[in-house]
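TrEMBL annotations:
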TRANSMEM  B:35-52  transmembrane segment
TRANSMEM  B:64-84  transmembrane segment
TRANSMEM  B:90-107  transmembrane segment
TRANSMEM  B:114-135  transmembrane segment
TRANSMEM  B:141-161  transmembrane segment
TRANSMEM  B:190-209  transmembrane segment
TRANSMEM  B:237-257  transmembrane segment
TRANSMEM  B:278-306  transmembrane segment
TRANSMEM  B:318-338  transmembrane segment
Amino acid sequence: MTTPVLSARGMVKTFGRVVGLDGVDLDLYPGEVLAIIGDNGAGKSTLIKCLTGALVPDTGQMFIDGQPVHFKRPQDALDAGIETVYQTLAVAPALDIASNLYLGRERRRPGFLGSALRMIDKKGMRRDAGKALADLGIGTLQNMAQPVETLSGGQRQAISVARAATFGSKIIVLDEPTAALGVKESNQVLKMIREVRSRGLPVILISHNMPHVFEVADRIHIQRLGRCAGVVTPQTHTMSEAVAIMTGATTLADTPGH
Amino acid sequence: MSTTLQPASTATEQFALRQRSPVQRVQHLLHSYPAISPFLVLVISFIVFSTINPRFASANSLSLVVQQVAVIGALAVGQTLIILTAGIDLSVGAITILSMMVAAKLAEGAGLPGVLAVAVGIILGIGAGLFNGALVTRIKLPPFIVTLGTLSVFTAIGLLYSRGQSVQSSDLPSLLNWTGESFRIGQFRITTGVVLVAALYVVVGFALANTAWGRHVYAVGDDKEAARLAGIRVDRVLLSVYTVAGAIYGLTAWILIGRAGAASPNAITDANLESITAVVIGGTSLFGGRGALLGTLLGALIVGFFRSGLSLAGVDDQYRVLAVGLLVILAVAVDQWIRKVKA
């Protein structure tokens with residue numbers, strides 16, 4: 001089998017006496033959509049926060065393309081090509097769309113203005129932000145100078161996804177991208193996920209929405225009580241079996257698909 | 001909004017394109033350009049005061065206003081940077097006095113050469129800013145508490161060092177008094193100190209509006225966690241802001257010597273509140289992430305206009321205090337209203 005793009009071994013994270021992660025292993029292969037499902041408190045968000053540098057695991061190892069990595073802050077993961085869309089919609093509300101898309105990665109103007117005066121290329125960033133959103137099928141946002149706080153939840157989500165898709169060179173992680181969205185906007189996000197996969201980028205998708213998961217995922221990692229209860233695929237298991245494993249009603253070994 | 005059965009996109013587009021009421025339009029305009037309201041206040045107060053007493057609009061009187069405003073205007077630049085990150089600096093005046101007294105005492109009676117004394121003042125400001133910034137970022141104390149503490153600490157050090165005594169300008173090297181020298185442009189009398197302050201506004205205004213650092217300052221004040229997750233080193237940005245502010249206070253110490261014609265430990269006792277007032281009247285949000293340096297300049301000028309205008313109108317100075325207080329409340333109320341803007 002091919003080397004995983006990302007693999008994690010024995011990830012442990014505790015918060016005081018609460019065990020968030022209890023020795024989780026995870027593998028992500030090139031060009032796949034890996035869904036992570038689990039009940040509330042199963043450790044989904046903690047897991048991806050550890051994978052993306054937002055939290056530092058107590059113990060555990062991570063490898064990218066087989067090389068060990070240690071993320072101490074989000075910037076480290078970004079530098080490694082891992083882009084994350086957080087559940088909390090990590091956007092700065094008072095800044096405009098283009099500034100948010102390029103936040104932390106502002107482009108400078110060419111020549112003296114950029115090198116000596118460190119002037120940023122506002123026009124160019126606005127133009128390319130518009131292009132990035134249009135590429136993902138979001139045509140409703142026209143004015144890139146519009147502050148993000150004047151947008152709907154779905155539109156904000158689109159900006160986060162567009163940011164990830166524009167800059168993610170290795171992996172894109174989406175934490176509950178459809179949780180706050182309507183039917184049409186959700187479908188748009190699912191379309192974006194397929195679009196990203198077709199570019200060859202692997203995607204980690206955290207979601208509560210089983211139909212969405214079964215629609216786009218290639219493999220499904222099931223978290224339960226801080227551990228991985230099993231990895232299934234939409235072909236070998238049904239939605240109800242996956243939910244049963246997730247809630248502890250059954251185990252991976254007992255399901256017929258195994 | 002139409003209720004007929006239409007494709008969802010059409011309905012949402014119609015919703016987005018719906019007519020805004022005039023009030024909503026004003027709200028949106030102020031949201032995009034927060035400096036509009038202080039600009040209007042400045043223009044209206046100019047018209048009103050020059051109608052009451054035409055001498056208000058004379059070159060002499062306006063030159064004086066600008067000179068009076070220069071020191072607080074300069075301190076308000078540093079204060080703006082800190083307030084944009086959702087902080088506050090109560091040690092503005094204390095750092096300025098400390099820098100000024102140490103620089104003046106070292107240079108007194110042909111001690112240290114002028115250039116070195118100015119440099120020491122600025123370096124001291126940087127050190128004090130760095131100290132504030134380190135307490136905010138490393139020990140994670142709220143900026144209000146940090147600067148409330150250092151307000152006393154720096155004030156005390158300044159007083160102890162200078163033994164509470166002033167240094168007269170005649171005892172100082174000419175470079176330290178240089179910021180008080182003036183020249184004429186037409187009818188207007190401009191001091192070199194005012195020119196320095198103008199340059200400060202241009203440089204910091206440019207950095208805030210046109211560099212990645214400026215974007216990060218806004219982002220950190222707007223939503224710290226979002227900024228961190230976007231890969232911004234939040235602590236570094238905060239530390240840089242407090243340090244730059246400290247440097248600005250150190251520079252202002254030099255401007256203050258020229259303006260006051262002496263280095264007195266009892267100068268600018270109201271600098272903290274006056275600098276915050278200028279920032280707030282200028283439309284910068286105390287909650288961080290919103291505002292512009294241009295607004296601060298306008299805010300500082302508004303206070304100067306009220307002082308000069310009301311005194312020329314023969315009104316008791318307490319009416320200025322009262323009017324400025326009301327303006328502050330109004331400005332914060334407008335800010336709260338703007339923040340509720342919706343698409």
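Just so it is clear, glycine is given a Cβ too, placed from its N, Cα and C backbone atoms.
Please treat TrEMBL annotations as automatic predictions, because they have not gone through curation.
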(message) Using a threshold of three or more Cβ pairs below 8 Å, and leaving out pairs closer than 6 in sequence, do the transmembrane segment (B:318-338) and the transmembrane segment (B:64-84) count as in contact?
(response) no
(request) With a Cβ cut-off under 8 Å, give me the same-chain residues at least six positions beyond the ends of the transmembrane segment (B:278-306) that come close to it. (result) 34-39, 41-42, 45-46, 49, 65-66, 68-69, 72-73, 76-77, 79-80, 83-88, 201, 204-205, 208-209, 218-223, 320, 323-324, 327-328, 331-332, 334-335, 338-339
(message) Quick check: do the transmembrane segment (B:90-107) and the transmembrane segment (B:237-257) share at least 3 Cβ pairs under 8 Å, counting only pairs 6+ apart in sequence?
(response) yes
(request) Spell out yes or no: are there three or more C-beta pairs under 8 angstroms between the transmembrane segment (B:237-257) and the transmembrane segment (B:114-135), with each pair 6 or more apart in sequence? (result) yes
(request) Sort out for me which stretch, of B:114-135, B:141-161, B:190-209, B:318-338, has the most Cβ pairs below 8 angstroms to the transmembrane segment (B:35-52). (result) B:318-338
